[in-house]
Amino acid sequence: MTTIIESTKTQHQQRKWTDYFTFCTDHKVIGIQYLVTSFLFYFIGGALAEVLRTELATPEPDFITPFLYNQVLTMHGTIMIFLWIVPAGAAFANYLIPLMIGTEDMAFPTLNALAFWLTPPGGILLLLSFFVDGGAAQAGWTSYPPLSLVSGIWGEEIWILSVLLIGTSSILGSINFLTTILKMRIKEMDLHSMPLFCWSMLATSTLILLSTPVLAAALVLLSFDLIAGTSFFNPAGGGDPVLYQHMFWFYSHPAVYIMILPFFGVISDVLPVHVRKPIFGYRAIAYSSLGISFLGLIVWAHHMFTSGIPGWLRMFFMAATMLIAIPTGIKVFGWCATIWGGKINLNTPFLFGFGFLTIFTLGGLTGVMLSAVPFDIHVHDTYFVVAHFHYVLFGGASMGLFAGFYHWFPKMTGRMFNEFLGKAHFLLLFIGLNVSFMPMHELGLLGMNRRIALYDIQFQPLNEIATIGAYILGLSTLPFVINIFLSLASGEKVSRNPWRAYTLEWQTSSPPAIENFDGKPVLWAGPYDYGLNSEEFDFEKVFGDTPTETSSNSK
Amino acid sequence: MQGSAIQKSHETTHVHHDHRLFGLVLFLIAESSIFLGLFSAFIVYKTIMPIWPPTGTPELELLLPGINTLILVSSSFVMHKGKAAIKRNDVSGLKLWFGVTALMGFVFLAGQMYEYFHLEMGLTTNLFASCFYVLTGFHGLHVSFGLFMILAVLWRSSKEGHYTSESHFGVEAAEIYWHFVDVVWIILFVLVYLL
Amino acid sequence: MPVAASENAKEVDKLFNFMMTIATGLFLIVEGALVYSLIKFRRKKGDTSDGPHIEGNVALEIVWTAIPTVIVFILAFYSFQTYNKLGGLDPVNSRNVPPQQIAIDNNDDQIALGIGKSFGKEALQVNVQAMQYAWLFTYPETGIVSGELHVPNNQPVQLNMTAKDVLHAFWVPQLRLKQDTIPGRQSIISFIPSLKGDYPIVCAELCGPYHGGMKSVLHVEDQDSYEEWIKSNQPVQEAYLEKTLTVDDSSSNEKFLTSYIENMDTEKDTVAELTHNYSHQDS
Ligand code: HEA
Ligand code: HEA
Ligand code: CUA
Ligand SMILES: [Cu+2]
């Protein structure tokens, strides 16, 4: 805390590494805290996935018991969603929003720190639940009653608690993002000259604000059923288990857009820089985020086509779901057109952007197929669905995340990453992903249901391929981790703006000083004004900066 | 701490005041969503259950909750006078009216408690009873929190010059929150008691 | 896709193939544009200049909004038609029924949620009860209780399904039909099988550790062998009860069943309970 008070405008005070373990209110520290936390959970969630895949290499439940399998499965889904993708989105939002709009911190810094510090206890609690009586929660990340009410009470209760903690964190965060984006931009920046990442966070935060509380309500009621013996969702006492599904998906469908929208924003900001061309159709991409948010709120029952909802309602939800392809298509085509005719710099961030576009489109298209009721009735709760959501979540959200990670790595650390290792990471990830999840489509169509530890022998060959793919994915973390540590230790020092980008975060030093900018940042160009005059434009001169300035004390 | 640090080094940061109000409104939107979730659950039960409330549910008495409703609703007006007072820089007026509001809120909670203890059903009696206790209980929690905010305002207002006609975010926050709790109650009352 | 064992399943396959074609086309367009750019528009070494300053193109954007819109409408319409053909909007089967009502009066001609055209009394009625981790099929007309489902080919069948403990889902991949079974509620599927054979009945809703082993078999038989099966089971109903599960189930998938054969004990009670209910109804 004292470092903040002592900081002055002229000195580039840097953070000590210990600051990252404190209740620090600096948005950049919080951003890094979120990022590191979420990556830790990524490794944990990934390790659990490897356990799942190892078990599934053979039809018999021989590696772990089916009982444990369900716990691992539930934890894998919960961790990957609530402790990897969602906090990673918050990480980028925290780190980037104030920098991008030229302010020195979030609107409510203390609230922001509080929001972060709800996350690690939630995660740790969740992991500890493996050791309680009856084991961790084992009803899947969807936790449908009555199953969730009859298997492992304490594990389930802890699961509820930690999801509530993380949900609260997410709500508090979104209050901050909305206020900051709407109220704290530098004067010259109107809504239409914000970087698109800010637009996507507007859409995301709105969704969080409207839908997460409903999940909280559902979980509180579930918790009453579990602990206090009420029967809101328990048919044994006259309750309605299907109502839980409605309430759960009212949050959890928007949640999938909460998970992808930030990375739509990341992609919109990463691609133009590396192809040296303005984003194609700024307004279309900005508004389509809002369109996705709105539609996202009215499609939840497409997860329940076989749960028993009236026929005409199924039709409504089917049509609404299909409509989402339109705003998403606008984005995808816009990104393709951005790349088209540019001067592509084939580096790691761009490659991940390319991977994102490829894989997300595939996953999105299977999503539209799923929304067709007659087909979904066949493949619901099968590996076809598992394939769909790993394509959009892993290939979409996570690829976007990595694109952003490599893109802003120099900004965050002041050092360049190793290009070769970055490319190796991409290649292994891209190959592993397809090897692992492509066969799952076929498995689902053929009749393999999900969430099973033991399966029919006819599915073994395809499952073996998927398992091999998962191991390749595990391997892909190796170059990634090595890259981070290598680059932190001995990466090439970078100037303020190694990518020659136009958004404001590149105007300050790398890593940024404690209060972000020396004096007021100037908005001297739109966020994507490539191709106007920058051939003669000397970035270093404009910013009056040399790479050495910040290098002395970056970590 | 952070805020003051920034103010020292930068000239610009006086804007925090109205942001807090904006943030509060966003927070209340999230709160409404929770209540929306709970109310929808109630409405769903009401529409799909063949017999609602289930047989054997004791008739809810209307007199006491009715009086309670009146008290809570009128407390909003009383509270508003408090804010009007501080707008005129009248701190003792603020104290008076907020004091009365706090008292009314307290009476409301006491009334709830009385009702709880005299009802012939418990949390787990049946679905209706569970809904009743969870809804009113969750709302009661909010009333308590609002009461806590009012008491905090009262406590702070005894410090010289803490609230002025210019700067009284705490007063405003407490008032907006209290109105919110009030509106939620009206919906709840209509849903649970009247319909 | 596995073989289609009913006309409706073929409809679903048609829809799937149609969607697959569209999806492949769209993917090839997007991916083609990407790969082409990747090859064609690479930056030359040492070139630090920017690409052209193109911020958008309204006409183009309208086109690529309009085309997906048209596709989506076609797709929605086609899916709707298929759904309708499957009887998804059937006024009887697709209606939602309040939970408790069923628990109270368990009679035959009630309405429930589900899918498939309702054939009314014409159809062979089978009551299905799902439990951890087995299926129980009761033929109310004959009183047969079985662990496997036998139906005659080319005849409408109506399954009236409910669950004993937690959610399960009845799925026959070859029929492309799936429906959750919900404790305290009844859901219905009806179908007309059109291809003889033995098909797996899979539980498709997580219901506990042995969810993966909760399987049974659907035998679609010609009229003769179906009646034979009825005959051989009917007379010894009461006495047979003990054996029903063990005999029939073990033939289905020995490997899976051995691991939780102990669960079967509880199910015998259920069987007794169920038969009691039905005989009660008949009188
Ligand atoms: C990041 C997460 C994410 C994203 C972005 C999406 C995106 C979409 N999802 Fe997915 N989905 C999940 C995560 C996600 N999903 C998860 C986790 C589950 C399973 C949960 C569980 O049960 O555990 C799931 C399950 C799921 C189901 C339920 C399946 C079932 O259980 O039976 C359905 C059904 O409608 C569906 C549909 C869609 C659709 C239509 C989209 C659309 O948004 C996709 C839009 C994108 C495109 C269409 C591609 C690009 C567009 C074009 C190239 C334009 C032209 C296209 C056309 C004209 C078609 N998803
Ligand atoms: C963002 C979300 C996300 C991500 C990234 C992943 C990543 C992966 N998932 Fe996940 N998955 C889900 C979300 C996600 N999943 C969800 C929501 C479910 C549904 C749960 C449910 O049904 O309730 C699910 C379910 C699910 C299943 C279905 C199980 C079943 O239904 O029975 C499978 C099976 O193959 C699977 C596999 C994988 C694999 C192989 C990866 C790989 O991509 C992972 C690759 C792993 C790594 C890259 C990390 C490797 C790390 C190590 C090897 C350890 C190293 C350790 C240190 C360095 C300390 N997942
Ligand atoms: Cu029964 Cu899964
Ligand atoms: Cu969804």
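Positions of Cβ are set from backbone N, Cα and C atoms, glycine also.
Because TrEMBL annotations are produced automatically, they should be read as predictions rather than curated entries.
Mean predicted confidence for the domain 'Cytochrome oxidase subunit I profile' (A:11-524): the pLDDT average there is 90. Summarising the annotation, TrEMBL assigns domain 'Cytochrome oxidase subunit I profile' to A:11-524.
Beyond the ends of the transmembrane segment (A:32-52), by six or more residues, the same chain brings 20, 24, 63-64, 69, 72-73, 75-76, 79-80, 83-85, 87-88, 90-92, 94-95, 116, 119-120, 123, 127, 405, 412, 470-471, 473-474, 477 to within a C-beta distance below 8 angstroms of the stretch. As annotated by TrEMBL, transmembrane segment applies to A:32-52 (among others).
Sequence-remote contacts of a segment are chain residues at least 6 beyond its ends whose Cβ falls under 8 Å from one of its Cβ atoms, and for the transmembrane segment (A:72-97) they are 27-28, 30-35, 37-39, 41-42, 44-45, 48-49, 51-52, 64, 106, 112, 115-116, 119, 122-123, 126-127, 130, 136-141, 143, 159, 162-163, 166, 169-170, 173, 177, 180-181, 197-198, 201, 204, 255, 258-259, 261-263, 266, 393, 397-398, 401, 404, 408, 412, 451, 505. Residues or ranges marked as transmembrane segment by TrEMBL: A:72-97 (among others).
What TrEMBL lists as transmembrane segment is A:109-132 (among others).
What TrEMBL lists as transmembrane segment is A:158-178 (among others). Distant neighbours of the transmembrane segment (A:158-178): 74, 78, 82-83, 86-87, 90, 93-94, 97, 106-108, 111-112, 114-116, 118-119, 121-123, 125-126, 128-129, 132, 136-137, 143, 201-202, 204-206, 208-209, 212-213, 215-216, 219-220, 222-223, 226, 258; these residues of the same chain sit at least 6 beyond its ends, with a Cβ under 8 Å from one of its Cβ atoms.
Among the features that TrEMBL reports, transmembrane segment is placed at A:199-228 (among others).
Within the chain, the transmembrane segment (A:248-272) has long-range Cβ neighbours (under 8 A, six or more residues past its boundaries) at 81, 85-86, 89, 92-93, 142-144, 170, 195-201, 203-204, 207-208, 210-212, 214-215, 218, 278-279, 285, 289, 292-293, 296-297, 299-304, 331, 335, 338-339, 349-350, 352-353, 356-357, 360, 389, 392-393, 396-397, 399-401, 403-404, 407, 503, 527-528, 530. Here TrEMBL flags A:248-272 (among others) as transmembrane segment.
Annotated transmembrane segment per TrEMBL: A:284-303 (among others), in sequence order.
Per TrEMBL, transmembrane segment is recorded for A:315-338 (among others).
Among the features that TrEMBL reports, transmembrane segment is placed at A:350-373 (among others).
According to TrEMBL, the transmembrane segment annotation covers A:385-408 (among others).
Feature annotation from TrEMBL assigns transmembrane segment to A:420-440 (among others).
Per TrEMBL, the feature transmembrane segment maps to A:468-489 (among others).
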Next item on the list: Determine which residues of the chain contact the transmembrane segment (A:284-303) at the Cβ level, with the cut-off under 8 Å and only residues 6 or more beyond its ends counted.
Entry: 192, 196, 199-200, 202-204, 206-207, 210-211, 245-246, 249-250, 252-254, 256-257, 261, 264-265, 268, 309, 313-314, 317-318, 320-321, 323-324, 326-328, 330-331, 334, 370-371, 376
Margin query: Looking only at the recorded stretches A:109-132, A:199-228, A:420-440, A:468-489, which one has the largest tally of CB-CB distances under 8 Å to the transmembrane segment (A:350-373)?
Written below: A:420-440
Item checked: Close approaches to the transmembrane segment (A:420-440) from elsewhere in its chain (Cβ under 8 angstroms; 6 or more beyond its ends) -> 53, 347-348, 351-352, 355, 359, 383-384, 386-387, 390-391, 394-395, 399, 402, 406, 462-463, 465-476, 479-480, 482-483, 486
Item checked: Positions whose Cβ lies under 8 angstroms from the transmembrane segment (A:109-132), at least six residues beyond its ends -> 23-27, 30, 33-34, 37, 41, 44, 71, 75, 78-79, 82-83, 87, 90, 94, 152, 154-155, 158-159, 161-163, 165-166, 168-170, 172-173, 175-176
Note to self: Give the nonlocal contacts of the transmembrane segment (A:315-338) in its own chain as ranges (CB under 8 Å, at least six residues past its ends).
What the structure shows: 264, 267-268, 271-272, 275, 277-281, 284-285, 288-289, 291-292, 295-296, 298-302, 305, 309, 353, 357, 360-361, 364, 368, 371-373
